[in-house]
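Here's what TrEMBL has on this protein:
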type: REGION; residues: 1-190; note: region 'Phosphopantothenoylcysteine decarboxylase'
type: DOMAIN; residues: 5-170; note: domain 'Flavoprotein'
type: DOMAIN; residues: 186-395; note: domain 'DNA/pantothenate metabolism flavoprotein C-terminal'
type: REGION; residues: 191-401; note: region 'Phosphopantothenate--cysteine ligase'
type: BINDING; residues: Asp278, Lys288, Pro306, Asp307, Ile308, Leu309, Phe324, Lys338, Lys342; note: CTP binding site
Amino acid sequence: MLVGKKIVLVVTGGIAAYKAVTLTRLLVKAQADVRVVMTKSACEFVTPKTFSVLSTHPVLTDLFADTTDPAIDHIELADWADYMVVAPASANFIAKMAQGIADDAASSVVIARHTGIAIAPAMNSNMYQNPAVQRNLNQLSADGVKIMAPEQGQLAEGYAGIGRLAEPENLFAQIGILAETDEKTLTGKRVVVTAGGTQEPIDPVRYIANHSSGKMGYAFSQAAVEQGAQVTLITTVDLTPPPFTKVVHVKTAQEMQAALMQQYDAADVVIMAAAVADYRIAEPATQKMKKQADASGLTLKLVENPDILAELGAQKSHQYLVGFAAETQQLLDHAQAKLKKKHADLLIANDVSQADIGFGSDDNAVTLLFKNETPETLPKMSKLEVARQVLKLIKPRMEEA
Ligand code: C5P
């Protein structure tokens with residue numbers, strides 16, 4: 001994603017400046033072309049030499065340095081960039097950005113930009129929570145600057161609080177998505193994705209579950225975020241969510257249904273990748289069930305769960321509805337029947353009897369059944385690639401609908 005992307009990394013003063021070194025390495029490893037600009041105080045923490053060696057380019061530190069390299073002029077550098085990142089962003093630098101002050105090389109490059117920009121605030125928690133800093137961050141957000149939020153944790157001052165710069169790997173993942181300048185097909189759209197198998201309680205310690213890993217749903221969330229969508233992920237599993245994703249944790253089908261209903265009116269696309277249990281225990285025991293004294297066995301009474309997708313289909317107005325059909329036999333027949341019964345716009349059929357694809361696997365091979373169209377098969381590929389391809393195919397159909 002970052003291959004060949006021209007990224008200006010602005011490093012401002014703070015102990016977290018050392019993390020920008022690893023970030024530079026990660027960006028360069030991903031084949032981004034990185035040029036670094038440092039503020040005077042950043043140079044107190046890390047030397048420009050470190051960044052120039054890692055980025056293989058000279059580092060801009062001074063507006064008035066006598067240089068013969070034209071690419072290091074601050075305007076040329078701003079024009080050159082495809083994306084800008086400020087990490088770490090100090091309270092002082094954030095204030096300057098919010099006010100439009102350009103009194104050194106770093107702030108001048110930032111003001112001269114024509115690209116998107118993401119900043120990673122990092123400072124002491126009291127500084128971070130100061131109303132002036134929060135006001136400036138709100139102003140920057142309103143100006144379209146992306147904020148890569150700091151984390152809770154141990155601060156350099158020896159106590160815990162919010163304000164720590166996110167780990168370089170985390171920043172790198174966020175930048176990968178933000179710097180994607182390909183046309184974002186889902187900008188402004190709200191996408192709701194469900195993931196994982198529901199857990200239907202038998203008693204307080206046991207439940208009925210299934211083999212769904214949730215990976216397909218997480219892949220859809222990632223692909224939708226990449227395309228600029230606002231994503232809500234309703235999940236029964238706890239994998240690392242993609243950046244910029246709102247995560248809602250649920251366990252049972254009924255909880256999943258309630259969470260979906262809250263999102264449904266505002267949603268543009270709903271992707272039901274979750275494996276929802278068709279049945280639940282009629283009356284889950286309130287205390288842990290004891291083993292029966294005799295050997296007559298145990299009978300559990302099940303009642304039907306709501307078919308969430310079918311209910312969404314019945315209430316559908318503007319939403320584009322995507323369901324899955326995980327089958328072990330007669331894949332396409334069953335999937336066609338579900339497409340109609342559930343009033344979905346697309347049913348993604350996959351054969352879960354094959355060990356190398358489907359449940360738990362990182363790969364999938366699916367057949368796409370768009371309403372009123374002949375089936376389209378995607379060969380085996382990563383679940384993320386499946387999700388990207390499907391979203392690309394959905395976009396024009398959403399516009400037609
Ligand atoms: O009928 P089946 O369970 O095979 O349908 C699969 C599709 O329907 C999936 O998209 C799944 O998320 C959804 N589903 C549902 N509620 C159920 C069962 C399945 O929304 N109770």
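Using N, Cα and C of the backbone, Cβ positions are placed for all residues, glycine too.
What TrEMBL says about a protein is an automatic prediction, not a curated fact.
Mapped onto this structure are the features recorded in TrEMBL.
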residue : record           : DSSP (3 states)
Asp278  : CTP binding site : coil
Pro306  : CTP binding site : coil
Phe324  : CTP binding site : strand
Lys342  : CTP binding site : coil
Mean of the pLDDT scores, which run from 0 to 100, over the region 'Phosphopantothenoylcysteine decarboxylase' (1-190): 91
Query: Between the binding-site residues Asp278, Phe324, whose Cβ has more other Cβ atoms within 10 Å than any of the rest?
result: Phe324
Longest CA-CA distance among Asp278, Lys288, Pro306, Asp307, Ile308, Leu309, Phe324, Lys338, Lys342, per record bound to CTP, angstrom: 37
- prompt: Tell me which residues of the chain lie with their Cβ under 8 angstroms from that of Ile308 (CTP binding site), as long as they are six or more apart in sequence?
  reply: Thr194, Ala253, Met256, Gln257, Leu260, Met272, Val276
